[in-house]
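Listed in TrEMBL:
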ACT_SITE  B:K96  active site, charge relay system
ACT_SITE  B:S172  active site, charge relay system
ACT_SITE  B:S196  active site, acyl-ester intermediate
DOMAIN    B:47-505  domain 'Amidase'
Amino acid sequence: MESETISVEMFNEFVQVAELELTPEESKSIREKMNEQLRVIHELESIPLDEQLAPVIHGNPYPRDIQAPLREDIWKPFENTQGIIDQAPRSQDGYIVSPDVPHQKLG
Amino acid sequence: MTELIELSAVEQAALIREKKISSVELLEATLAQVEKVDGRSGSLEPYVEQPEDLEKVHAFLLIVRDHAMAKAKEVDRKIAAGEPVGALAGVPYSAKDVYCTKGIRTTAASRILEGWKPPYSSTVIEKMDQADAVLFGKVNLDEFTFGGTTETTAFKPTVRNPWALDRVPGGSSGGSAAAVSACEGAISLGTDTGGSIREPAAFTGIVGLKPTYGRVSRYGVIPFASSMDTMGPLTRTVSDSAFVLKEIAGFDPRDNTTVRVPVDDYLADLQKGIKGLRIGISPDYLKITYLDDQGNYASAPVDPEIEASVWKAADLFRDLGAEIIEDVPMSNTKYSVPAYFVISRIEAYSNLQRFDGLKYGHTTQQSVKDMYDLYYKSRGEGFGYQAKLRLLTGMFASQEKFYEKYYRRAQRARALMRRDFDEAFNPQGKYRIDAILTPSTPSPAFRFGDAVASDSLLIQFADQFTTPMNFAGTPGISFPCGLSSSGLPIGLQITGYDYCESKILRAAFAYEQATLDADWRKIKPVVLR
């Protein structure tokens with residue numbers, strides 16, 4: 001059974017993409033734990049699967065007669081927009097205030 | 001007369017409707033019980049354990065006395081005026097702190113949602129309000145429901161098991177289970193993604209119902225793994241679970257996975273009995289199956305007292321007129337743990353990406369150089385260890401290069417597990433069963449720290465008998481069946497086919513009624529003695 005392991009470099013890339021700042025202790029512990037958990041995940045490879053067996057997104061099926069119809073594509077204003085804005089750590093004139101968004105020139 | 005707080009929700013509602021007690025009186029009695037047994041609420045402040053913490057339950061994160069009192073008074077006014085009221089009029093209840101409650105702090109037991117007050121309520125909370133139930137508090141849980149012991153909460157002290165205060169209440173709905181077990185309300189709303197209603201119900205000697213996926217709306221409930229998250233009640237009696245399900249079930253245009261299937265009258269249906277019901281027992285639910293160090297499948301028996309409870313219950317069901325079908329194969333159960341690791345982590349990773357420190361909840365107080373720096377710092381400070389671990393594991397497993405190897409394979413293993421249920425319940429098939437009887441958990445409640453430190457297979461695989469129903473989408477109910485020799489509650493599970501909650505409630509109710517006079521039912525949790 002081929003076993004992937006997560007290297008320090010690979011782990012640091014994940015942390016970057018996950019937009020997390022970790023302490024050195026957290027990084028060490030979480031990477032070790034992930035490698036332990038990978039051993040459990042690798043058990044999937046030992047499951048005999050019929051090639052015809054289709055994957056499922058949900059367990060129970062949704063036959064058309066019980067499915068919810070798609071909602072009409074009509075804009076409905078939310079009745080409590082101020083309640084949303086009020087929860088933002090920083091807001092001004094009905095807008096959420098963010099720090100600078102860095103721009104990167106492509107190419 | 002039994003104290004008000006020990007009555008079932010059905011009994012409490014009847015007394016209020018008959019004007020024998022008021023809703024305010026019942027609420028006061030419930031809050032007094034919380035005051036008596038619960039101790040200090042979980043908090044984000046640095047935790048220093050005090051001796052008195054070890055003697056309390058700590059189920060609650062928040063009590064909303066004023067909100068509850070206003071609702072209770074409104075119910076009393078309506079009843080006095082002869083106005084119509086909802087089925088649960090005046091009955092106090094609590095909710096796991098993942099149910100959004102408009103204007104009331106909602107935390108998911110995570111620092112990342114510190115101080116957040118949702119601008120809307122979940123559909124289930126709205127339905128409980130329409131039924132005139134009285135929300136009086138929010139209860140603790142594993143952070144974002146990530147765990148089976150409630151130890152991963154960011155809000156300390158964590159919840160203690162009312163039957164043995166040195167043991168976990170289970171999780172992630174540990175606060176709900178402990179509150180109901182300690183008579184701090186007859187009803188608590190929980191959620192179940194891999195057993196998070198049924199396992200804590202078993203550990204605390206109460207009833208926990210996980211409905212069919214799509215039976216109850218998920219709208220406004222902070223998600224863990226969206227293809228498996230299910231909302232349901234934890235109660236002390238089977239009737240109360242039936243009572244609550246009737247009120248919260250049904251199609252919701254705001255949750256496109258809810259279905260247009262009629263909602264049964266679960267409470268009335270309890271009286272139909274179980275004569276002729278075909279109840280299966282599977283050998284695959286009487287052992288833990290795992291891969292050993294050589295990569296071969298091995299098995300370990302469940303706790304002998306728990307297996308004995310299953311067979312004793314089977315005899316009782318037979319005596320009540322049910323037909324017991326032994327040796328029903330559910331051979332793909334053993335794949336639930338690796339498949340759960342992949343599917344639940346990938347879905348959790350997706351769901352955790354919405355928390356950014358910008359729109360709501362915790363934001364870093366450190367200086368930041370730009371928006372991304374704000375994300376890194378806020379998320380680093382706000383998420384607990386388990387959230388970070390699951391997020392990163394989900395991200396790893398969802399990489400494009402592993403799509404076939406992990407995610408698609410886990411989805412196909414999920415199809416295999418569903419096939420077990422389809423074949424066992426097929427009305428034209430070999431077994432033609434209506435329900436399956438299993439242990440809820442392979443062992444009773446374990447001690448704090450054992451989920452991480454113990455190498456016991458029964459602890460490491462505590463959810464092997466509950467996750468298959470989350471994969472299959474089928475309903476399950478855990479109900480108490482006695483106490484172990486060390487005085488800990490044991491739970492049994494009855495699982496059924498899609499939308500057959502009525503059948504599994506009937507079976508659990510029949511068991512409950514037939515054992516009402518059992519000696520073990522006279523023993524109360526230690527916090528009530």
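Glycine residues also receive a Cβ, built from the backbone N, Cα and C atoms like all the rest.
Just so you know, TrEMBL annotations never went through curation; they're auto-generated.
Predicted, not measured: the structure shown is a model, and the values here were computed from it.
What TrEMBL annotates, mapped onto the structure for a quick look.
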residue : record                               : DSSP (3 states)
B:K96   : active site, charge relay system     : strand
B:S172  : active site, charge relay system     : coil
B:S196  : active site, acyl-ester intermediate : coil
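The distance from the Cα of B:S196 (active site, acyl-ester intermediate) to the Cα of B:S172 (active site, charge relay system) comes to 5 Å. Taking only the Cα positions, the spacing between B:S172 (active site, charge relay system) and B:K96 (active site, charge relay system) is 9 angstrom. The 10 Å shell around the Cβ of B:K96 (active site, charge relay system) contains 30 further Cβ atoms across the protein chains shown.
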